[in-house]
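Enquirer: Let me give you the structure first, and then I'll get to my questions.
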Amino acid sequence: MSLALLCSLLLVHGSLGEIVFRCPSCTAERQAACPKLTTSCEIVREPGCGCCPVCARQKGELCGVYTTRCGSGLRCYPSANSELPLEQLIQGLGRCENKVDLEPTMTNQESAAHSGEVNGTRSPPMKKPGKDYQYIKEIAVNKHHNNKRTRMYNTQDDPKTPHPKQSQCQQELDKVLENISRMAFHDNKGPLENLYDLKFPNCDKTGQYNLKQCHMSTHGQRGECWCVNPYTGVQIPSSDKVRGDPNCSQYYGGPELEPPTAQQK
């Protein structure tokens, strides 16, 4: 998960705008273990606090919390008509679009810090989450809660109207958002140990779990990924947690992806 996008979840109308986060140093040893790029592309650092160089996503390509960064001058935005933009970003259904200028022009040093480029073995500089992330956060959280309030209002207005039940994955996501809103911050420092412990469920368009689930990158290493049952979110026994692609497509059509039986529930 991208730490920058995670920071965007914590900004509410600028009230937490002064919280500062620092990623661990990208040592030469960690960078030496990175896989070599075989194609020519714009190079950016891995999402979150990863240290390895990866190819940036280009304009119009899908992007989200778990994907690599967009290229220079681009940001990952949810669609304008999305009812739940935050969930769209978590599902990897955003798009890399031209960055919306919502803040004064940054200095060269601030721009380099914000771009996420690989900076040798130096520690990534301390930075404040930009206002463009605050913009995404405000839209996402406001629409998320407005949608919930609308469903509650419609149910009260007409008791006979069936209320769509949230899936297990959506309920789990709501709990994570609630935990974030209740987090306490002290001395203008973000409790990174708490943030890294957060487990964002990766839900698909229908509200079920995406087959591939991942932890956010920490300590210069990409987060572990694994395959789950789309109905329960439980890790498939034969699927190991790996720092890369767990190849979840191998389970398509297999019994591992079947809904649980009444006895299993």
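Including glycine, each Cβ sits where the backbone N, Cα and C put it.
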Enquirer: Pick from CYS225, CYS227: which one does Swiss-Prot say forms the disulfide with CYS214?
Expert: CYS225
Enquirer: Swiss-Prot pairs CYS70 with one of CYS49, CYS51, CYS52, CYS96 in a disulfide bond, so which one is it?
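Expert: Between CYS70 and one of CYS49, CYS51, CYS52, CYS96, Swiss-Prot records a disulfide, namely with CYS96.
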Enquirer: Can you check how the pLDDT averages out over the domain 'IGFBP N-terminal' (19-99)?
Expert: 82
Enquirer: What parts of the chain pack near the region 'Disordered' (238-265), using Cβ distances under 8 Å and only residues at least 6 beyond its ends?
Expert: 211-212, 221-232
Enquirer: Can you tell me which disulfide-bonded residues out of CYS26, CYS63, CYS76, CYS169, CYS203, CYS225 are within 10 A of CYS49 (disulfide bond) by Cα, answering none if there aren't any?
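Expert: So the list reads CYS26.
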Enquirer: Going by DSSP, is CYS248 (disulfide bond) sitting in a helix, a strand, or coil?
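Expert: In three-state terms, CYS248 (disulfide bond) counts as helix.
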Enquirer: For the domain 'IGFBP N-terminal' (19-99), what are the DSSP-based totals of helix, strand and coil residues?
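Expert: DSSP classes over the domain 'IGFBP N-terminal' (19-99) add up to 11 helix, 22 strand, 48 coil.
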Enquirer: Which of the disulfide-bonded residues CYS55, CYS96, CYS214 has its Cα nearest to the Cα of CYS63 (disulfide bond)?
Expert: CYS96
